[in-house]
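Worksheet: the structure to be examined is printed underneath.
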Amino acid sequence: MNKINGADLIAIGYHEGKILGLALEVTATHYQDHPREQLLELMRTVKEKPETFLDDEVLEELATKIIEEANAPVDDTIQLKQTAGTFVVYGADHIDEGTRKQMNIAMKLPVTAGGALMPDAHQGYGLPIGGVLATKNAVIPYGVGVDIGCRMALSIFDIPEEHFYANHDIYKRELVAHTRFGAGHGYHGKERTEHAVLDREEFNLNQQIRQLQDKAYSQLGTSGGGNHFVEWGIIEFTEDDKPLNIPKGKYLALLSHSGSRGFGATIAGYYTKLAKQLCKLPQEAANLAYLDLDTAEGQEYWLAMNLAGDYAAACHEVIHNKLAKAIGGNLLAKVENHHNFAWKENWNGENVIVHRKGATPASKDVMGIIPGSMTAPGFLVRGKGEAAAINSASHGAGRQLSRTKAIQQISKEDMKAILAANNVTLIGAGLDEAPMAYKDINIVMEAQKDLVDIIAKFSPKMVRMADDGSKED
């Protein structure tokens, strides 16, 4: 008589586990002399109709276990890979273990194709800030972040630095007059600015987004709290730059940093919640819940994300246009880039979705801006297209003190002293944004010399931030 084995039972519908073991035990103990084909047919019937064997002295236990398993709650948690993929850490000596652990979890997602940590990386919620993650046909709303399309914008004028110092009070007056910061701040009535982005069809994607249109209108041309700023400064080119057509020299420049305001934050919250409902991950990876771009939900988020990104760009455009008109002078060049966003890119020959959570796009010859702090220089850069970094660079110096620790450890006198030493006028901001809360930008730039070329150095001279130093909204 041919003995029945596990493969035979799997072929008729059983699967690896305790029930398979019990079925093998039953056949070996009670059906040794049973014809093979008849026994297989019997075991198939038990698997398919277990309720008919609940009174069978031999098969009752097996039938009961099959019924219990069928009625057990389904665990639809998506399992992570057992081993994290490898990734490059730039400026590794200054990246803490918590940040690395966060990136390790992201590298275990079943949709992950690659990742990298930039030299300004520090712990975030989900992806580390300064983390870059490439995924296969999936987008992670919280990997893009709450402030969708947070970005930098730099306008360079044909105004010499002497003009700024000679007209300091005028520049301060106009900076205050044409900027608004922080949660709840916006424009109303005739103060509002018209812009084509507000007429976009994507506002009709769903009721949630449609209800945000008036808020977006009100906040157009404003900036968030936290580390968002608008500042005057001096940019220095140590040699002629042919692509920008700017000769060697020093020029007045306007630099701004902010994102999509309450509009983008609400979109992020809505789709992060939706992703968590549709993509159940283990607790440690819950904030990395993703949406398949082949689904209606994934496609809808992609459209909403791009709308929020374009809205963020429009906010910078309005601010720069107002201040350019106020001061006069000719615009020599404008450079801008998102650093909280997801892009469709081809990386290492594969079409992927690249999430940059606090990272600057740095493909070959792509321009970007990497700020330091309110007293440290920022840099206008040109990407080198480094594949190991997924064509990315840092988005700033990166924090070395949390907001709470900065407030505890830095005094107002300390802050006033460093501002005076660097000849910087500060309007607004809290101690959580003090220069000492940030890493040394020069160390960060040295750690990413293989990722970008420095084109020019921007030195802040007059910085406007939210009055209370509150977090971004």
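For all residues, glycine too, the Cβ spot is worked out from N, Cα and C.
According to TrEMBL, the protein carries these features:
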ACT_SITE  H395  active site, GMP-histidine intermediate
BINDING   D147, H228  Mn(2+) 1 binding site
BINDING   227-231, 339-340, 371-374, 395-398  GMP binding site
BINDING   H257, H339  Mn(2+) 2 binding site
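Where TrEMBL records a feature, it is marked here on the structure.
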residue : record                                  : DSSP class
H228    : Mn(2+) 1 binding site                   : coil
H257    : Mn(2+) 2 binding site                   : strand
N340    : GMP binding site                        : strand
G372    : GMP binding site                        : coil
H395    : active site, GMP-histidine intermediate : coil
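The two recorded residues, M374 (GMP binding site) and H257 (Mn(2+) 2 binding site), show a Cα separation of 12 Å. Between the alpha carbons (Cα) of H257 (Mn(2+) 2 binding site) and H228 (Mn(2+) 1 binding site) lies a span of roughly 5 Å. Distance from the CA of H395 (active site, GMP-histidine intermediate) to the CA of G372 (GMP binding site) is 9 Å. Calculated from their C-alpha atoms, the gap between E231 (GMP binding site) and H339 (Mn(2+) 2 binding site) amounts to 18 Å. A separation of roughly 12 Å, to the nearest angstrom, links the Cα atoms of N227 (GMP binding site) and D147 (Mn(2+) 1 binding site). H395 (active site, GMP-histidine intermediate) sits 13 Å from H228 (Mn(2+) 1 binding site), counting Cα to Cα. If you take the CA of D147 (Mn(2+) 1 binding site) and look 10 A around it, the binding-site residues you hit from F229, N340, G396, G398 are N340. Spacing of N340 (GMP binding site) relative to H228 (Mn(2+) 1 binding site) is 13 Å (Cα to Cα, whole number).
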